[in-house]
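Enquirer: What follows is a single structure, and I will ask about it in a moment.
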């Protein structure tokens with residue numbers, strides 16, 4: 001394939017759970033990039049990873065790896081992004097960052113292409129941020145409904161997959177499942193906790209046969225950082241800086257795909273028919289909503305797919321301005337790698 | 001132990017998941033009842049079950065088994081309760097029924113002793129109903145807050161354990177966990193569904209490594225029967241027939257203990273301190289809420305215990321009249337067997 005003249009892409013954090021999915025997606029969209037450079041921590045340097053059917057050697061993160069890079073996708077911890085994204089920008093790259101380091105910076109757009117693609121054009125710091133995976137798992141559907149009905153309030157509860165905490169989260173659940181499967185654990189006081197022991201991985205409690213109402217770190221007044229992200233990022237993406245948003249984030253024993261229940265109140269009366277029409281035609285959304293035929297989205301259906309799936313569309317029985325939804329999105333695809341890649345590809349189109 | 005003169009109790013549905021817990025609780029409260037008669041379907045007749053340290057033979061459901069019974073606790077399917085509870089009443093028993101057959105009957109009180117014990121006194125049909133396990137897993141905490149602040153709206157999402165669907169639910173999750181544990185399933189399209197096959201037990205979708213936004217049967221406008229129960233029963237128990245209640249019920253791969261996120265709006269401004277004081281002293285409630293110390297309720301802690309556990313108490317950031325809560329209750333104890341037994345014991349006290 002002829003790649004001369006096409007932009008050069010750097011993938012920073014290529015060996016992580018999200019990086020792995022980025023490489024899969026890049027392999028499916030093979031005609032966009034010239035060189036693809038894979039970057040990770042020094043510990044992973046020298047490994048070879050497959051992308052577009054070729055083995056590419058991973059380079060250690062360093063200033064010179066950004067020489068000649070047009071666009072860099074970052075999926076690294078906040079503090080690494082905070083340090084290295086500006087270095088990549090100084091070297092001439094536009095950075096698409098999937099960390100939390102820049103999302104709320106007023107000079108960094110927070111972009112979901114289906115909702116606010118225009119925002120990516122104004123990027124004074126040379127950085128475009130991509131939202132937290134929990135926000136992303138619902139925001140495409142909500143953006144479509146907001147455009148038609150005008151959002152006035154959100155009450156959201158999450159059912160978050162362990163891969164939101166990276167490979168360590170996946171490993172923790174798999175290990176714990178091996179300890180409890182085939183036993184009679186899970187019905188007596190403390191039995192799951194004793195079986196799992198103190199090694200609960202990146203979670204504060206056992207996650208097998210359990211749900212854990214905590215994600216992230218402690219913020220003011222008892223809120224978790226994950227809950228604050230969903231509120232703050234939703235407001236910024238939708239351009240509704242004062243939208244009332246109440247969120248409770250809960251980890252569940254699912255490997256991939258975040259699910260959310262959404263109670264969304266709008267400016268005026270809504271109808272289920274109207275909402276279904278919007279969702280059925282919105283880009284990036286699949287309406288899967290026919291309970292009589294057993295159709296509603298679950299992670300088992302959604303994992304590995306790109307869109308935001310929406311089901312259980314009901315109008316609140318006591319409030320004709322509110323809708324109830326159940327929304328699922330693959331947290332590793334649209335929730336992280338896909339959204340980042342979509343933004344990078346739209347920036348690549350700019351450079352042509 | 002001297003049991004002469006004490007009331008006679010019948011346990012109808014003694015061999016089920018809830019019946020088994022009833023017998024455990026009866027064994028812990030050994031000084032209340034005279035004879036305890038165990039009743040089940042003809043299929044289970046003749047089996048012997050342990051209660052209060054004795055082996056008691058199970059009788060098949062028939063009119064004559066209610067001869068001399070003062071109080072009968074029923075945990076059987078709706079249609080069995082609808083037929084047999086009136087027969088037990090005609091034989092002179094007061095029935096405490098855990099099915100859905102009578103809950104919304106205006107002549108049948110729906111009772112949670114910590115919230116509306118007084119309601120049990122007026123029972124024109126001789127039947128007292130006990131709520132659905134999902135309603136029960138949160139209502140004690142909400143009743144305490146309502147008594148002080150006056151509830152104005154509820155938005156609720158559930159994280160329901162498989163034992164809410166009885167032994168068949170427990171067996172289905174255990175079987176599915178054995179199929180997926182120790183594999184790399186759960187991250188590729190359709191892999192969990194293929195591994196589990198068509199035998200998803202009482203659930204419409206696989207529940208291992210999944211969450212399923214459906215419980216019960218289809219009602220009007222896309223609502224599930226379980227969601228309607230939570231709304232209708234909460235209104236009846238709290239004495240608020242017009243309370244706006246929006247509910248989404250979701251099954252999770254947990255064996256025992258239902259969890260719920262609750263967004264509760266009250267008449268006036270609330271404070272977290274005020275809510276915590278109420279919850280810390282409310283009968284039947286445990287406040288477990290110190291995220292800085294990693295304290296919030298999870299099913300792993302709550303299973304096998306009697307109270308309603310409440311954590312993650314926050315005031316909505318954008319509405320000073322609303323609280324966010326995460327609530328857990330053992331669906332087989334307070335959610336079914338314990339509430340039924342509590343009511344039966346209070347009726348026994350009446351007869352003394």
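Glycine residues also receive a Cβ, built from the backbone N, Cα and C atoms like all the rest.
Bear in mind that TrEMBL entries carry predicted annotations, made automatically and left uncurated.
Annotation comment: TrEMBL describes A:133 as active site, acyl-thioester intermediate. According to TrEMBL, the active site, proton acceptor annotation covers A:258. According to TrEMBL, the NADP(+) binding site annotation covers A:15, A:16, A:17, A:18, A:43, A:44, A:163, A:164, A:331. The phosphate binding site annotation in TrEMBL covers A:103. Under the heading substrate binding site, TrEMBL lists A:160, A:251. What TrEMBL lists as domain 'Semialdehyde dehydrogenase NAD-binding' is A:8-123.
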Enquirer: What recorded positions among A:17, A:258, A:331 are found with a C-alpha within 10 angstroms of that of residue A:251 (substrate binding site)?
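Expert: Qualifying among A:17, A:258, A:331: A:258.
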Enquirer: To which of the recorded positions A:43, A:251, A:258 does the lowest count of other Cβ atoms within 10 Å belong?
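Expert: Lowest Cβ count within 10 Å among the recorded positions (A:43, A:251, A:258) is A:43.
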Enquirer: Tally of helix, strand and coil residues over the domain 'Semialdehyde dehydrogenase NAD-binding' (A:8-123) according to DSSP?
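Expert: Its residues divide into 41 helix, 29 strand, 46 coil.
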Enquirer: With residue A:331 (NADP(+) binding site) as the reference Cα, tell me which of the recorded positions A:103, A:133, A:160 is the closest one.
Expert: A:133
Enquirer: Say you check the Cα of residue A:15 (NADP(+) binding site) against those of the recorded positions A:103, A:133, A:160, A:258; which is nearest?
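Expert: If we rank A:103, A:133, A:160, A:258 by Cα distance to residue A:15 (NADP(+) binding site), first place goes to A:133.
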Enquirer: If you count Cβ atoms within 10 Å of the Cβ of residue A:17 (NADP(+) binding site), leaving out that atom itself, what do you get?
Expert: 22
Enquirer: Might you list, by sequence position, any residue in that chain lying six or more from the residue listed as 'active site, acyl-thioester intermediate' with a Cβ less than 8 Å away from its Cβ?
Expert: A:164, A:258, A:331, A:332, A:335, A:336
Enquirer: Give the number of CB atoms, excluding that of residue A:15 (NADP(+) binding site) itself, located within 10 Å of its CB.
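Expert: Step by step: centre on the Cβ of residue A:15 (NADP(+) binding site), count other Cβ atoms within 10 Å, giving 20.
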Enquirer: Taking the Cβ of residue A:163 (NADP(+) binding site) as the centre, count every other Cβ atom within 10 Å, in any protein chain shown.
Expert: 28
Enquirer: Identify which of the binding-site residues A:160, A:331 has its Cβ surrounded by the largest number of other Cβ atoms within 10 Å, counting every protein chain shown.
Expert: A:331
Enquirer: Which residues does the residue listed as 'phosphate binding site' neighbour through Cβ under 8 Å, counting only same-chain ones at least six apart?
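Expert: Non-local contacts for the residue listed as 'phosphate binding site': A:110, A:129, A:131, A:132, A:229, A:232, A:233, A:236.
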Enquirer: DSSP three-state call for residue A:331 (NADP(+) binding site): helix, strand or coil?
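Expert: Reduced to three states, the DSSP call for residue A:331 (NADP(+) binding site) is coil.
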Enquirer: Look up residue A:258 (active site, proton acceptor) in the DSSP assignment and reduce it to helix, strand or coil.
Expert: strand
Enquirer: Hey, how far is residue A:17 (NADP(+) binding site) from residue A:160 (substrate binding site), Cα to Cα, in Å?
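Expert: The Cα atom of residue A:17 (NADP(+) binding site) is 16 Å away from the Cα atom of residue A:160 (substrate binding site).
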Enquirer: Kindly state the mean pLDDT of the domain 'Semialdehyde dehydrogenase NAD-binding' (A:8-123) in the predicted structure.
Expert: 96
